[in-house]
Ligand SMILES: Nc1ncnc2c1ncn2[C@@H]1O[C@H](COP(=O)(O)OP(=O)(O)OP(=O)(O)O)[C@@H](O)[C@H]1O
Ligand SMILES: Nc1ncnc2c1ncn2[C@@H]1O[C@H](COP(=O)(O)OP(=O)(O)OP(=O)(O)O)[C@@H](O)[C@H]1O
Ligand SMILES: Cc1ncc(C[n+]2csc(CCO)c2C)c(N)n1
Ligand SMILES: [Mg+2]
Ligand SMILES: [Mg+2]
């Protein structure tokens, strides 16, 4: 039949291991599906592509989904890939450790203005009762030179991709790092999820089901430590630039984000976290009115 | 002139928005992909003033960046006009640096200069200077024999004079390019802000893009368009005055 | 000519790298901020071949994009050369579209047109055409009375002839600008790839940039520089031949 | 066919004084007539105002009777450089005038460099090539503003006589600094003198010699004297 | 002071035949000499080769004795447009020649338009303005390639006589199509005729009249005849 387009949120790298395996490992093919798995990136937006018909499935972060719903987009959430948001902050070990939110006081923190890390950090600061005078916030871009040059102390990263790269790169110069995870302080802002359009779900429920089954079993395969050599070999084909040892460590860091413990079913939707995410976005004035995101969560829920 | 520029811009802008709306309603897209007029006006009401000042902020860098560009273009153009080894070397250097997309050079610039005002200025100038350079090179490399002969023959030719003669004879072309380069400097500044700074309209666009908010981008483009039209209109008026007053051209040509 | 371009590029490149290394050792920056030579060579060994083919991929779009740009620039330049309302309108349109930084327009383009070859080509052309346009406009708007008078007086003047006369009299300037615009088209293509495509060296740079891997960026810049030098050397050689053969210029001037 | 000028005044935008002031005269056409006067008196200005017709700066001060098409040629014109001069000549030659073109090419002695680009010609060659392309057009009045200034005298005489012979029904206004030539070959000579001198414009008859003429030195001298007195 | 030319041959790169072939003559300097010949014979080419000196295309075929500085002026030169002609004249006038400049400005009748831009001048005015700036330079040989072609005859005579009077120690090469003028005012006239005719170059003596001369019509006629025979 027709090729199904699956638009990822980010570039091919280890943090999309399951998506790569679903394709190259033949999971889609076995399910009788012809799927083209397409790389994402800063200029890509899966939800818009769903509407324009360029994509049938996609990966989007929760804040994207909520924003799209506010503007009337017809999007539904099929699965929540990350149980733990990989959006964390890195800092050098020679700096005072951040044990509680009050330890953020006086730090020079990077945030991507307009990005979800801004929303998350603002929530954390509000929780700690800080005003903008208590910390120094700097605008962050895609490259982490200011962190490397020690101009900014606490830097936002995706724990399992840039987090690993930075950790390695600093280790090569004899520096150790720590990570600051918002989830440890009660902020569970949902990250990447698999989405499709409501129309797709209504018109082709079988296809959607087959797709999700194949995709999630590919993810199961990808995060199973027993399959590590095979999985790494598949990723390498798509992500040539990264060194082998980095890729291995990235995979290791990805597993607990996708499958925090043995019992967790991959893709399970954490409704409470979604509700919190919507609340946070209202509080932070990212949206004006509630969008009732729970009604759009159609996949298996916790 | 100025007035004409502005309403012509409004026509262009309205054409663009109408085109987008046509696509929206023809294919039934939601406000998330293409905003409707209500959303657009609402966004404009909320953001326009802010964006307006952002553009003015950008414009301040633009004006300086354009001056730096003009200076650099003339500098390189004048040195590079000769077909000597040095001339050709300077040209290769200027061309090569240009061939590197600024997005690739930006990290190096940030490493060297931080991400403050200077980086913005440098990137804006680098984007703007090259097109100027091409024109200046073309003009500076074409001798005007019937004027230059006397000065060469009597040993009076200096590079300043040569440059002056060729610039003057091509004043029309130069003013066209310089006035036109205003938009290049503006675009350059916005690109710089987009990749680096935390001020200016380029930065605002970056945020809007992060959130895939087309309405805000359209409002930002509107403020950019209005202000660039005014700026360019002023430049052109000044250019005309310089041409007619200062250089007192062939007034009242009968042919 | 070609050979000279290449070794001049090598000098420029080495100067750049030496400068970076000087800063590295002067301020004691670690390898992760500025790579040392070992890391640079190691990266080159791993990536150079791949980047080389990426640049060739980019070049294929560049060449096409340049042609489209030249066509667009002449099209708009010829229509916009008149100071009539339409001419001025077309000019405002061309200028305004230019003033919008492509980084702001690109996402709209990529969303509406998909992320294939066409988007890349369109963006590359949009970046490259404007500087060309400025030159073409300047040239096309300057009458050459001593040649044009006869054709106007005898009612023979057509726009094609007018364009031909002005282009021919400014052949030097035009070839300079067209050859120079090669690097603009290249930069434009890379920016397009950087923003959204999934092929070409711009895409590779984006990946390197997301990992702040300066060594890879430097290697990519090296491949870009070599190939653009060759491409431009070829363009210039062809340009020279066109000028000397086809147009049989004022051979053997005594003054 | 007649040409008249009534109270023509013209001042350049930035000038203090008019170049032409209350210029009034009339001239019968056809014929090979001249405009004569010292350097800077306003011959070129006058000629270009004429060429502008009633819609130009001359406006209603110019009265043309039976003169519809006016062409103005001058000695600094150039032909485009992309083809040789022969090709350009062909291109601008109306079908019906191709024999005329051939004839003129011979008389003007330009055959040898039809294959050259315009920029490769000597000044006199450029003058001739330019004039030929005007002569093969349709016109009622052709102004030659020093159009032959850089051609040698012998050839200039040949050319003038040929023009008079071939185009007996057309009006020419020949601008030249060669007094003798003007006195010999022109019919009516409009002599301009500086405004302010308030002499106005005088039309002096020339000897109007045709091919095969026998020169009458005294008559020529008389004409020359009359012209010089009018300046 | 002497000037000689031995076997000068020159062919334009793309041409089939040489413009100058085995040109051999010598000329005593100083004096107001001329180069004469029909249009296209090679006067301009010859003049420009001379101006190139021994390092130009003429090379060793040119022998200059006591002639160090050669200037070449022609009638299509322009002055830059950013200042009025008076300012330009001042700018290029060596300190010591400022009186000379004033004198020439008067004789050339250019006072009235020192305040105008070059492009606003009539052709003859442009010719004069251009020539003045050459005359106030230091030179041994000045070539005037139709430099006065667009000036009226009366003024041209005044100018030539003044030049002869003011610069008795310099060599001039005057190129003009006015046979009478050349015969009257020039000392030695190099007459060029087409190569191939194999006549070579002939130097004919002219009447070399000075200020206050009384014309001898028969002598002039004789010179003119001699020149025409040499062509
Ligand atoms: N564009 C202009 N602006 C102002 N004055 C001008 C302009 N063009 C010409 N003049 C002046 O008008 C006068 C007449 O000029 P014009 O060219 O008509 O003279 P002319 O009779 O053709 O002289 P010539 O024989 O030297 O060519 C001159 O004094 C000249 O300086
Ligand atoms: N650049 C050139 N290339 C080829 N041939 C040329 C070039 N310049 C001049 N010629 C030819 O050389 C010959 C002599 O030209 P030149 O200009 O020296 O003549 P001239 O004696 O000055 O004539 P005129 O009196 O018409 O100015 C002409 O036949 C001309 O066509
Ligand atoms: C898995 C994953 N890795 C990287 C990015 C890219 N990214 C988006 S924002 C940002 C900087 C911190 O906000 C970075 C690097 C992503 N989107 N998803
Ligand atoms: Mg005149
Ligand atoms: Mg000549």
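Cβ atoms are placed via backbone N, Cα and C, with glycine included.
Unlike curated records, TrEMBL annotations are generated automatically.
Residues annotated as domain 'ABC transmembrane type-1' in TrEMBL: B:74-230.
Positions annotated as transmembrane segment by TrEMBL: B:7-27 (among others).
Proximity of distant same-chain residues to the transmembrane segment (B:55-80), defined by a Cβ-Cβ separation under 8 Å and at least 6 residues beyond the stretch ends, is recorded for 86-88, 90-91, 94, 117, 120-121, 124-125, 128-130, 132-133, 135-137, 139-140, 159, 163, 178, 181-182, 184-186, 188-190, 192-193, 199-202, 220, 223-224, 227, 231. Annotated transmembrane segment per TrEMBL: B:55-80 (among others), in sequence order.
Look at TrEMBL and you will find B:92-112 (among others) tagged as transmembrane segment.
For the transmembrane segment (B:118-141), the residues of the chain that approach it from at least six positions outside its boundaries are 61-62, 64-66, 68-70, 72-74, 76-78, 80-81, 91, 94, 97-98, 102, 105-106, 109-110, 163, 166-167, 170, 173-174, 177-178, 181, 184-185, 187-189, 191-193, 195-197, 200, judged by C-beta separation under 8 angstroms. As annotated by TrEMBL, transmembrane segment applies to B:118-141 (among others).
Sequence-distant contacts of the transmembrane segment (B:174-197) (same chain, at least 6 residues past either end, Cβ-Cβ under 8 Å): 58-59, 61-63, 65-66, 69-70, 102-103, 106, 110, 115-116, 119-128, 131-132, 135-136, 139, 167, 203, 205-206, 224, 228, 231-232, 235-236, 239, 242-243. Residues annotated as transmembrane segment in TrEMBL: B:174-197 (among others).
Away from its own ends, the transmembrane segment (B:217-235) comes close to residues 1-6, 8-9, 12-13, 17, 20, 35, 40, 43-44, 47-48, 51-52, 54-56, 58-59, 62-63, 178-179, 182-183, 186, 190, 201, 204-205, 208-209 of its chain (Cβ-Cβ under 8 Å, at least six residues beyond either end). As annotated by TrEMBL, transmembrane segment applies to B:217-235 (among others).
Remote same-chain residues near the transmembrane segment (B:7-27) are listed as 33-34, 36-37, 40, 218, 221-222, 225-226, 229 (criterion: CB distance under 8 Å, separation of at least six residues from the stretch ends).
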